[in-house]
Amino acid sequence: MAAPRRYCAGLVRALLGARQVGSHAGREWLAPPGCLLGNQARCVSCVVGSTFSGPLLASASSRYGQDSALDRILGFSQPDSSLVPSVPAVSVHRDEQNLLLVHTPDMPENPRVLRVVLLGAPNAGKSTLSNQLLGRKVFPVSKKVHTTRCQALGVITEKETQVILLDTPGIISPVKQKRHHLERSLLEDPWTSMESADLVVVLVDVSDKWTRSRLNPQVLQCLTKFSQVPSILVLNKVDCLKQKSVLLELTAALTEGVVNGKKLNIKQALRSRSSTHCPGPETEGPNAHSVRNPQRIGWPYFQEIFMLSALNNKDVNTLKQYLLTQAQPGPWEFHSGVLTSQTPEEICANKIREKLLEYLPEEVPYGVQQKTVIWEEGPSGELVIQQNLLVPKESHVRILIGQKGLLISQIAQEVGRDLMDIFHCDVLIRLSVKLLK
């Protein structure tokens, strides 16, 4: 393959020297004027870089002025806890992140733990909900399907309780995976994650009138195969419904009129033929229906139902508190400073891909190859990143750059803002668009 031909790059200083506003528990960052260096895309030299890995015994707090879980492990003094956000930052160094993941959990005397699998059709809102539960946008989100390509893990730690979230790709059928040449992870990860689940959260997008009236067939298969795992139903995007009465009909259909072994008092007649049978909580259970029923549209073994908008903090907090109460006595799996199992480079690549899916039309974003060439600490302690975006067509180059370089600059700026919130440090990011010959 010939060497890629360099066209240009968007150069953005993402929120360098940003100021902090709002409460410490929920930080918000405002970019100072001029953080976007020019409207036109600028060419940059493509120097091959390497991942920077600072000394593990150097204080991350002194480098970036942030709380570091690694510092707590190594015994460095910490700032006043009242000045530290409740949600931990992710280290910008792969070695530090990996060390934290394998470190002995700093669990309390009576620890509690819960492993939660988020299950649903593509674009049901699983990653958005995961981000809201975690308090950080560590998982990629877009309106296009298959934004999440493989299983990702997030950790919520509050007091003596740890909740581990497994954000799975939208569940698909083997036929669709083969037809569209999708990764095996999209097919396998939702199923493998169920093997270690303590609770399943089934997410349904009620704004999609074409799919909302029945559970996804693959979701039903998964629930049936792992019927011993408790499950709850979450009706997402309820803010998009003009007629709230629709929620009653959907609840009746998706639960077959039964929640936690009790028949729902809903007058709307169920149209599913399988709804005529109402199992009792003691006489029957999920194992009685281990054989798949092709006519089934709902699952009568949900323990609870939640109706929410994943963008509404109050709604999400109600679900979060429920998850915390469902945790059972047991050892933690991770140190309290762990927010996600992803490496910092994976988070960055996913964030860039999220913006590509959001802003590029049709099939264009799916053909972009990403290659990180620089990941290092700058002279002022900022994180310096350069990623090359390789595209197969010259027309795609023009689309990605945008008029006068505005689109590539906007993408870089938004990615930088998100990364600054995740890493708690200043970010300088360069995106270089190249054509593959």
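We count from 1, first residue shown onward.
Glycine too: its Cβ is placed from the backbone N, Cα and C atoms.
Lifted from Swiss-Prot, the feature list:
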TRANSIT   1-20  transit peptide
DOMAIN    112-330  domain 'Era-type G'
REGION    120-127  region 'G1'
BINDING   120-127, 167-171, 236-239  GTP binding site
REGION    146-150  region 'G2'
REGION    167-170  region 'G3'
MOD_RES   Ser173  phosphoserine
REGION    236-239  region 'G4'
REGION    270-292  region 'Disordered'
DOMAIN    360-437  domain 'KH type-2'
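Shown on the structure are the features that Swiss-Prot records.
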residue: Gly120; record: GTP binding site; DSSP (3 states): strand
residue: Lys126; record: GTP binding site; DSSP (3 states): helix
residue: Thr168; record: GTP binding site; DSSP (3 states): coil
residue: Val238; record: GTP binding site; DSSP (3 states): helix
Counting Cβ neighbours within 10 Å across all chains shown, tell me which of the binding-site residues Asn123, Thr168 comes out on top. Thr168
Counts by DSSP class (helix H/G/I, strand E/B, coil) across the domain 'KH type-2' (360-437): 33 helix, 27 strand, 18 coil
Per 10 Å Cβ neighbour count, which of the binding-site residues Gly120, Lys126, Val238 ranks highest? Lys126
